[in-house]
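Chemist: Checked TrEMBL, it gives:
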TRANSMEM  A:37-58  transmembrane segment
DOMAIN    A:124-337  domain 'ABC transmembrane type-1'
TRANSMEM  A:128-151  transmembrane segment
TRANSMEM  A:163-187  transmembrane segment
TRANSMEM  A:207-228  transmembrane segment
TRANSMEM  A:272-298  transmembrane segment
TRANSMEM  A:318-344  transmembrane segment
Amino acid sequence: MTADAPSASNVKAAAPVVPAQRARTATRYLRYGAGKVAGAAVSLLAVLVTGFFLFRLIPGDPVKTMTGGRPISAEQLAAYREEFGLDLPLWQQFTDYCGKALTGDLGTSYQFRAPVVDKISEALPNTLLLTGTAFVLYTLLGIVLGTRSAWRHGGLGDRLNTGLALTLYSIPSFWLGLLLIIVFSVGMGPIPGLFPTGGMESGGEEGFAYVLDVAHHLVLPVVTLVAVEYGQTLLVARSALLDEMGSDYLTTARAKGLRDDLVRRRHAVPNALLPTVTLVFVNLGRTVAGVILVETVFSWPGLGGLFYQALSVPDLPLVQGLFLFFAAAVIVMNTLADLVYPLLDPRVGR
Amino acid sequence: MTTGTTTKTGAGAAGPRALARQRRRQSAVRFWKRYRTHRAGLVGLVGLALFALVALTAPLTVGTDVSSVTGAPGRPMESPSAEFWLGTDRFGRDLLGLLVWGSRVSLLVGLLAAALSVAIGTTVGVTAGHFKGAYATVLMRITDWFLVMPTLVLAIALATVLPRSLGTVVLAIGVTSWPTTARLVRAQTLAVESRPYIERAKALGGGHWHVMSRHVLPNVMPLVLAQTTLMISSSVLAEATLAFLGVSDPTVLSWGGLLQDAREAGAVSSGNWWYLVPPGIAIAVVALAFTLCGRAVESVLNPRLGVGR
């Protein structure tokens, strides 16, 4: 209280400096942001080139890979070659491919005879519903359990928590999904079939009943995805909080007489959250794999299910389109996280 | 390293090579003494030894003709009994035999893919740490790019466009999973290269190759060992995933392939749990065992981590 008067005068004296300082941090942030965006653009270009390399150069003859062993006439083969532009010289194929991809044309699916972009935009909302729900749940669960684990590290709760997380982390997600279907959808022993075996809707429902129906279908895929993904967040949050545990500001907070619970929630956890959030975003690539497998197992009509359908043919334009989409989505999400991060943590990017 | 040739030369007086060998043996003993105190690491090691034993003795214990469809001994989809401990598959083959033979494929592919991935990662990491400047910058940008990419999607794409074989699976997993190793090894290389004895080696005329192979590599080897153990765990999982998605060699039955078979045969909707449970448990136990060993090795080499006890 006694410090009030001098600090007020300090603020007044410093007042002309503040806008200039703010402008400087703003420029610094802009420079940092521009760097990140440029980096992301380079990464996206690299994805584009990799896509061409993977699906045009490595297979040798993509049409042969796709029709793989099925009897096909020479005229049909030639027609397919022309359709996919394989009769053109390689450099022209490359420029065509880049130009089309940049304008949002990813070619035509071989098995659905429909534009790849249409197939992707059809499936995207379903994937977002599944992944978004699971993402929120496993991040929250991982952070809550991880910080509790670290706070009482070495205790029984901590050992059980990390043990369970490591075990679930080692389990293949598709296997867990199959088991959940057997136990909770088909029914086993005393447990009746509680949930649908797959798909997203039973059909014929409308309004609120439709929402409930979709939620009913959503339960098992979300549980599977959360189970295999939360362990990673838990371990990261745990070690991030362990890093903070010895800090002086926590001793100060305790010396002030704060309850243990408040010291954890108000002081320690917010600092441990920042590295956790970054790692959650860096690990999105792994989540994509989980989504593909879970959607495959539960026949969820999303991008992962589409990817599996494309693989079994193999429908190369569709596989390529989805590859580009997944890679681009992960890069964009990471860049967004990079851009938001310094706004949350003033120590970064200044 | 060169144990075979040094035995004779080092027999008399303790030459430099014999000394080095002695030192190496001592540090191995020290390593084992500390590893022994990690209970989880020991459990993992015992588990691995058991799996290795089962995989190596497969021809003796279950015979060599378990995967033949025509000579299947049982009826299709039998539940576990005294004759078939784990039941039979859709062709009436003994699932226990298939599981044991599958362990050979899963472990072999896991080991080879991890070896390839760690070899690439170590090469990239050591050279990026040794040669600074534009070369290192470009290499680390590539590493970062791979780190962010959905690696499994990349591996699946590679396995789809290449001919279906186990070699393809090894290649697809190996060339997509090296970036974490590269980052770790580079950090360690930078730490090693800042030590005075590197400067001494350079002053005495040691070239790039000499510094990297004689001074840096031996110092990053422990880290590489821990990383390899952890990579095998994720490679076994990746192999199972690729086989389950049907982009592996369809003629070879690995654990992931068994699960795909089970799903195609409708084991899920008819509730034939015995078809699904054992391969999944096998994958999870092997992956967990390698993870436990890797974490124990990590904490022996870096006591500050304090994990895995």
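Keep in mind that glycine also has a Cβ here, set from the backbone N, Cα and C atoms.
Quick one: where do these features end up spatially?
Modeler: Within the chain carrying the transmembrane segment (A:163-187), a Cβ under 8 angstroms from the stretch's Cβ atoms is held by residues 145, 193-198, 220-221, 223-225, 227-228, 230-232, 234-235, 290, 293-294, 296-298, all 6 or more beyond its ends.
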Chemist: Give the one range among A:128-151, A:207-228, A:272-298 whose Cβ atoms make the most pairs under 8 Å with those of the transmembrane segment (A:318-344).
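Modeler: Out of the listed stretches, A:272-298 contacts the transmembrane segment (A:318-344) most.
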Chemist: For the transmembrane segment (A:272-298), give me same-chain residues lying six or more residues beyond its boundaries with a C-beta closer than 8 angstroms to one of its C-beta atoms, as numbers and ranges.
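Modeler: Tertiary neighbours of the transmembrane segment (A:272-298) are 127, 130-131, 135, 139, 142-143, 146-147, 150, 172-174, 177-178, 181, 197-199, 220-221, 224-225, 228-229, 232-233, 236-237, 240-241, 243-244, 304-305, 307-308, 326, 329-330, 333-334, 337, 341, 344-345.
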Chemist: Residues sitting near the transmembrane segment (A:207-228): Cβ under 8 Å, six or more positions beyond its termini, same chain?
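Modeler: Distant contacts of the transmembrane segment (A:207-228): 129-131, 133-134, 137-138, 141, 168-169, 171, 173, 176-177, 180-181, 184-185, 195-196, 198-201, 290-291, 294-295, 297-298, 300.
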